[in-house]
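These come from TrEMBL:
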BINDING   A:Thr151, A:Lys173, A:Thr184, A:Glu264, A:Asn385, A:Thr390  substrate binding site
ACT_SITE  A:Thr184  active site, nucleophile
Number of protein chains: 2
Amino acid sequence: MTCTAPQGFRAAGVTAGLKQSGKPDVALVVNDGPRFDAAGVFTSNRVKAAPVRWCEALFGADQGPGAQLSAVILNSGGANACTGAEGYQDTVATAEHVGSVLSLPASRVAVASTGLIGMRLPMDLLLTGVGEAHRALSAEGGPEAAVAIMTTDTVPKTVVVPGPGFTVGGMAKGAGMLAPGLATMLVVLTTDAVADGATLDTALRRATRVSFDRLDSDGAMSTNDTVLLLASGASGTEASTEQLTAAVTRACTDLAEQLLADAEGATKEIRIEVRGAATEDGAVEVGRSVARNNLVKTAFFGQDPNWGRILAAVGTVGPHVEFDADAIDVTLNGVQICRAGGTGDDRDLVDLTGRQAHVIIDLHAGTETATVLTNDLSHAYVHENSAYST
Amino acid sequence: MTCTAPQGFRAAGVTAGLKQSGKPDVALVVNDGPRFDAAGVFTSNRVKAAPVRWCEALFGADQGPGAQLSAVILNSGGANACTGAEGYQDTVATAEHVGSVLSLPASRVAVASTGLIGMRLPMDLLLTGVGEAHRALSAEGGPEAAVAIMTTDTVPKTVVVPGPGFTVGGMAKGAGMLAPGLATMLVVLTTDAVADGATLDTALRRATRVSFDRLDSDGAMSTNDTVLLLASGASGTEASTEQLTAAVTRACTDLAEQLLADAEGATKEIRIEVRGAATEDGAVEVGRSVARNNLVKTAFFGQDPNWGRILAAVGTVGPHVEFDADAIDVTLNGVQICRAGGTGDDRDLVDLTGRQAHVIIDLHAGTETATVLTNDLSHAYVHENSAYST
C-alpha cells in the first residue's frame, strides 16, 4: 500500500499524457492530518530543477528543520529543469492548482518532477491531470501513485515498515543518474506517527545518509532528487527520534536496494564494503571511488575478478584518507584475491556469474566501516543512455 | 624519429616474450650525453607500481627538481603494480641489469612498466630482452622503441618539435585509464638542449599541467603513469626555461591529442572548453566534471545533443567554483543550444555525426578559460574493458 499504508493518507496515479508512451505520469499524495509536519532532503547539484527550488523555499533557506505539507504532486515525463523563470512559474502554477482543488494554500504543496531536462512541461495536460488525480484520490491509491512516477524503471518501488504503534510507507522511482547527494530519484515517505518537523528532519537525514547517499549506480547526480517525509499523526502514537530513525532507515534502505536492483542496464548488484578505515567518511570515500571507476565497473560486467583495478581505484582518494597501499586486503565473493596489497588466493576461485557481487576492502587503518552500492557498466547501460532522448 | 630525433640518444625496441601476442614489448632509450640532466612526473595515484616507486626514489623524495639519468628501460606486457616487495626487487634487478650492460650505476636507469596489474614479470624473459635491446641500440631506433611500449594502442605515438637550436623528441603509449594526474601513460621525451634539472623540471611540469593533466578519457587514474624528460646537451645550445617550456609543451600537447585519438573504443574526440570562469582551476574542474559524466559520454556516443546532461554535470562541482546556473551558455559544434541556463537554439541544428565534438561552456563568472579533452562512452569501450584480462 506504499504511501497510503499509514493512516491519514490518500493517493492517486493517473495518465495526463505527458509521456509519449501513454503510461501513467501524474501522482498525488495527500496528507489528511490531523498533523502536517514534514521533512525533506534535496539534490546537492547546483543546477536545481524548478520543483526542487520550490520545495527548498517551502522548507526555508536552510532546507530545515521541517515544514507543514498537506500534499505532494509528482510528475514523470519531464524534469522541469533548466527551464528558466517560465519553468519556475509552471511549478508555482502546479502547486497553486493543487492548492485550489484541495482548498489549501500553495505553500502546503510540494512538487516533484522527473524526466528530460530542458523542456517545458505541457501545462494544460498537467493541470488537467491534477484535477483527475484529485478525483481519483483514495486510501488505497498508493500503488497507482508509485506507478505514475516511473520513468525508465521497470518495476514500481514501494515499502511498508511497521514501527512501535506507527507505520512508515513509501514509494521511490529512479533507474539512472543514481549517485550520491541523492540520485534521480523521487521518494515520498509517509508516516502516521506523531512527530514534529525537527524530529522528522533528524530521522530523515540520518536515514538518507546511510541509504540513498551510499547508492552510486553511475556517478551522475541529478538536478531533481527529492526525498520527502510526511507525518499525519493519525496513529496518535508519538515516535521518539530513535524509533522514527530506525523505521525510516529501514524504509530508505529497502527502497535503495530496489533502486539498485532496477538500475538501467545493470547485470550486477555490487556491494562494496570498506572495513578497517580510520573514519566512516574515509570508508565512504574509498567505496565511492571504487563504485565510480569505469574500469572496475566494466570488469564486473565481464565477470573478471580484476582486483588490480580495485586497488588502482582505491589509490585515487586523497591523502586525507588513511591507508598504506601495502596493507590492503581485497575479498571478492568470499575469496581473498588480494593480500597485503599483492596477489592473494587464486583468482580462478572467484565466481562472478551471479547477479550479486560482494567486495570487501580492508584498509587495516582503523575500525570504521561503510558499504556503498553500485552496478556494473554494461552494453545495455550504454545503449539505454545513448538513446534516451532521441 | 621520436626519442632519437635529438642528438645524443640511441634507442631500441625488441620482443622479449612478455606479451602472449608475440609483439615487441621491451624498449630501451639511452642518453649518450655529454649531459644527463633529467626531470620526471609520476602518477598521483597512491597505489604506485614498483617502477614508479623506483623512479621517484631516483628523483628524491620530492620528485624534483631533477636527476641524472642515462637510460630508460620500458616494458609492456605487465605493469609490475601490486606485486609487493618481490615486484620492487624485480624493478631493481632490471635497473641493475641495464646498468651492467651499459657500465652505469643502476641509479642512472629509470624503469617504466605497463600492462596488467597484480602479476610478477617473467624476469628471465625480461632480462634476456634487456640484453637484446642493448645490442639493438641505434640512433635510428626511436620508432621501434615507440612500438614496443604499446598495449591496447592501435598506433605508436611519436613527436618531434624543433626548438631554437635544439630539438625535442618523444614517444607515448596509452589508450585506456586516461585520466588526470596523468593516465596509463608512459612518455619519454628527449632533447639535445643544454638545461639543468631545475629548468627541465619547470618546463616539464608546466607542459604536463596543460596537456596530459587535461586529458580525461575515462576518469580512471593509473598506478604506472610516468613522464620523463632527458636532456643530452648534445646540441651545445643552452635553452631558456621559456624556450624549453614552449617546445616541451608543444610536444606534450601533440602526444596528448594522439592519445585522445586512439582511446579505447572511442567514436568521438570531445573538446570541452570552459570559458568565463573566475579561476583557471575552476574552469578545469568544470571541464573535468563534464568529461567524467557517463550520461554525457553516452549521449555523445548516441549523437544526442543532450545539453541538460551537460548542465547537470556542471552543477555537481563544489561551491568554491563560482557560477550562477541561470547564466550558463552551452554551445555544441557551433550551435548555442543552451542560453542563460535554459533552452537556446534548436537542438536539431547540432551535427554530432563527425568524430570531433566541441563543447563551449560559458560560465559568465570571470575571464579564465581551460580545455579538457575526453572521449565518449561506447559499446566498444565496454567490450574492450570487460574482456581485457580474460
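Just so you know, glycine gets a Cβ as well, placed from its N, Cα and C.
Structure coloured by features recorded in TrEMBL.
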{"residue": "A:Thr151", "record": "substrate binding site", "Cβ neighbours (10 Å)": "23"}
{"residue": "A:Lys173", "record": "substrate binding site", "Cβ neighbours (10 Å)": "27"}
{"residue": "A:Glu264", "record": "substrate binding site", "Cβ neighbours (10 Å)": "25"}
{"residue": "A:Asn385", "record": "substrate binding site", "Cβ neighbours (10 Å)": "28"}
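Proximity to chain B (Cβ-Cβ distance under 8 Å) holds for the following binding-site residues out of A:Thr151, A:Lys173, A:Glu264, A:Asn385: A:Asn385.
In the three-state DSSP assignment, the secondary structure recorded for A:Asn385 (substrate binding site) is helix. Look at A:Lys173 (substrate binding site): DSSP puts it in a strand.
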